[in-house]
């Protein structure tokens, strides 16, 4: 009876481990968000002449991100090659939580004792690895949308459930409407810059194209349970990336004449909206990592669970799991600092820091949105182009 209760109430070790790592990541994100908004209020003695509130709070986010990177990088390297359930290193992944908690606290606190200048260029690493994460996140979102679509279609085919049909159609409608609505808002509030108009227009055309390709009969023969939902989710996410690009434009584009008197307020609202949306996508990603994506290897194929006599299992690639968390830590820093560029300038012999918009984040955001569309279209057309290969 005790063993039955244990099996029913306690999740399998690997799932529990994934969930606990995800909880740690969420706690770090909450801590970073609190430091970003109240950091120097809590530690005013840490302010220096060259690093004021915006500087120190931004560096606080970088420090927490750096701690996460170090924590998961160590685990990633240590767990490389774990494939045998008898490997003692599996206990490091699935157990030793008190020890790992102490280490986790240490890597969260330690970076705050490091000099400020060590983190002045950290935004560059965040930008590079965030671009990789954005592409990964688009794959996660499309995979999640395809899973929902498949379940709804299977449920409807088996039970003729009207709820499954409503869920599928309403989700597709919401994502498509959101994609169009955000595009209109971007044209109105950020369309005064020629470059922004180009980005918004190209995004609109490319996503309408990929949505059209997804419903071509020949494509549906190979993706019968895909349909419009995954492409509408991708269109919505790509439009968010274009919004990030528009907000990150260093030209500080003003809104139209009618709203000119409230330009500064609108710009602040735009920054806030992009940050909130980024956090929402981040939360979705963390939840999906905890329960689904981590059971897949880099090739996208589900890992086969391997068990030992002692009950230990390997259901996913441990190193890849921590690599994804490393990318998530970099992305978290980019989102919480609104993809800002950190710079140091010398005025009258004194070094002064500045946190502002930059060309780099602008181009990275829009370029990754284009890559997302091209990769998705290729995933739809590849089974047709190479019909003799198995893409299942």
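Even glycines carry a Cβ here, placed using N, Cα and C.
Keep in mind that TrEMBL annotations are predicted by a computer and have not been checked by a curator.
Keep in mind it's a predicted model, so treat the numbers as computed, not measured.
Taken from TrEMBL, the feature transmembrane segment covers 21-40 (among others).
Beyond its flanks by at least six residues, the transmembrane segment (60-83) meets 25, 28, 31-32, 35-36, 39, 89-90, 92-93, 103-104, 107-112, 114, 119, 122-123, 126, 306, 314, 318-319, 322-323, 325-326, 328-330, 332-333, 336-337 of its own chain at Cβ-Cβ distances under 8 Å. Look at TrEMBL and you will find 60-83 (among others) tagged as transmembrane segment.
Residues annotated as transmembrane segment in TrEMBL: 95-114 (among others). Beyond its flanks by at least six residues, the transmembrane segment (95-114) meets 13, 20, 24, 28, 31, 60, 63-64, 66-68, 70-71 of its own chain at Cβ-Cβ distances under 8 Å.
Taken from TrEMBL, the feature transmembrane segment applies to 120-142 (among others).
Nonlocal intrachain contacts for the transmembrane segment (162-189), taken as residues 6+ away from its ends with a CB within less than 8 angstroms of a stretch CB, comprise 148-149, 151-153, 155-156, 196-197, 200, 203-204, 207, 211, 227-229, 232-233, 235-236, 239-240, 242-243, 246, 255-256, 259, 266, 270. Under the heading transmembrane segment, TrEMBL lists 162-189 (among others).
The feature transmembrane segment is assigned by TrEMBL to 195-216 (among others).
Outside the transmembrane segment (228-247), and at least 6 residues removed from its termini, the chain residues within Cβ reach (under 8 Å) are 134, 137-138, 141-142, 144-146, 148-149, 168, 171-172, 175-176, 178-179, 182-183, 186, 190, 193, 196, 199-200, 203, 206-208, 210-211, 213-215, 253, 267, 270-271, 273-274, 277-278, 281, 338-339, 357, 361-363, 365-366, 368-369, 372-373, 376. What TrEMBL records for 228-247 (among others) is transmembrane segment.
According to TrEMBL, the transmembrane segment annotation covers 272-291 (among others).
Feature annotation from TrEMBL assigns transmembrane segment to 320-342 (among others).
Annotation comment: TrEMBL describes 362-386 (among others) as transmembrane segment.
Sequence-distant contacts of the transmembrane segment (195-216), counting only residues of its own chain at least 6 positions beyond either end whose CB sits under 8 Å from a CB of the stretch, comprise 176, 179, 183, 186-187, 223, 226-228, 230-232, 234-235, 238-239, 242, 245-246, 249, 251, 253, 366, 369-370, 373, 376-377, 380-381.
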